[in-house]
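Marked as domain 'Hcy-binding' by TrEMBL: 1-302. According to TrEMBL, the Zn(2+) binding site annotation covers Cys205, Cys287, Cys288.
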Amino acid sequence: MGILERLNAGEVVIGDGGFVFALEKRGYVKAGPWTPEAASEHPEAVRQLHREFLRAGANVMQTFTFYASDDKLENRGNKLTFTGAQINEAACDLAREVANEGDALVAGGVCQTPSYLSCKSEKEVKAILKKQLDVFMKKNVDFLIAEYFEHVEEAVWAVEVLKETGKPVAASMCIGPEGDMHGVSPAECAVRLVKAGAQIVGVNCHFDPLTCVQAVKMMKEGVEKAGLKAHYMVQPLAYHTPDCSCQGFIDLPEFPFGLEPRILSRWDMHKYAREAYNAGIRFIGGCCGFEPYHIRAVAEELAPDRGFLPAASEKHGNWGAGLEMHTKPWVRARARRDYWENLKPASGRPLCPSMSAPDSWGVTKGHKDLMQQKEATSQGQLKTLFDRSKSN
């Protein structure tokens, strides 16, 4: 069955996790550009990560095409030996290969563009997205996702392009309860996306799971109040973000190399999965920071609702039950749900604050600081940023 048939039947669809962060940690993606050339350069790494998410319980294999638009691949001195079309084709082939190993669907994904931030026209932005779409149609993906949009205007443009294919369209924005970067509420964003043709709407990235669930609840309320219908999705960070502002974790001083103390445990993921399910969300996955064990936790929490456990649960006892086999008695005593549900993990960092002060520069589309360029960032440009950072 396709994505809409599954959701219409009340099934829980579990997404995969955050490929750019996972592959950066493994040495296949460069932080900064965050582009997906690994699909062509190191297909074995991308294939293996797909397989791990499939084994963990994901039944959507999203193509590793994040930031694979030509304007992003060429941005700020990023030099590639593969074209955008080659990367996108390789990503589609890898996702399909692994999806066919299980009961999974392939989703072709597009995301926000540097051209939009640089105030290019609707026609120019749509042309960039259309170029990716041509590959997805050639490879016959099962459905399409417009994800990681900070501005609802660009997200609507993306949905309008994707709808021309006749494929099911999902749209998720990287926003929290405060709304998009121009202050458009989650409810209004969702209404605009549904009216543009998205059958599934929600949020991904930038915020922690419970914050994202709250934003999707607001979307759901807005859609229902407008007399419209949609399915709902959520694919959050695997990081705690209680101190984030409108821009989310990008504003945190720890982004992107010092986020590990914020990582959610597998037990936090159980709570997230249940909260999302209870909110009426049926497409539940993850984004940056999510590893396969996080998705396994989501699948295990929702096993009673789905009727089965993922294959990876063969190596994982329910709520730590495998610890019953440990050699040390005090570790065996932790083989119970109430221990892990009530644990308050320590960071082990004596001088580490519990919260950070986000870098709230307050710039968005149209500001001169966000004008993108093909040339590498110059030392003069960097000095200006360093000086400004010191004064904030």
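Heads up, the Cβ atoms here are built off N, Cα and C, so glycines get one too.
Unlike curated records, TrEMBL annotations are generated automatically.
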Given the binding-site residues Cys287, Cys288, the candidate whose Cβ has the fewest other Cβ atoms within 10 Å is Cys288
Given the Zn(2+) site residues Cys205, Cys287, Cys288, which other residues of that chain have a Cβ within 8 Å of the mean position of their Cβ atoms, reported in sequence order? Gly18, Phe21, Tyr148, Cys174, Asn204, His206, Gln235, Pro236, Leu237, Gly286, Gly289, Phe290
Average the per-residue pLDDT over the domain 'Hcy-binding' (1-302) and send me the rounded value. 96
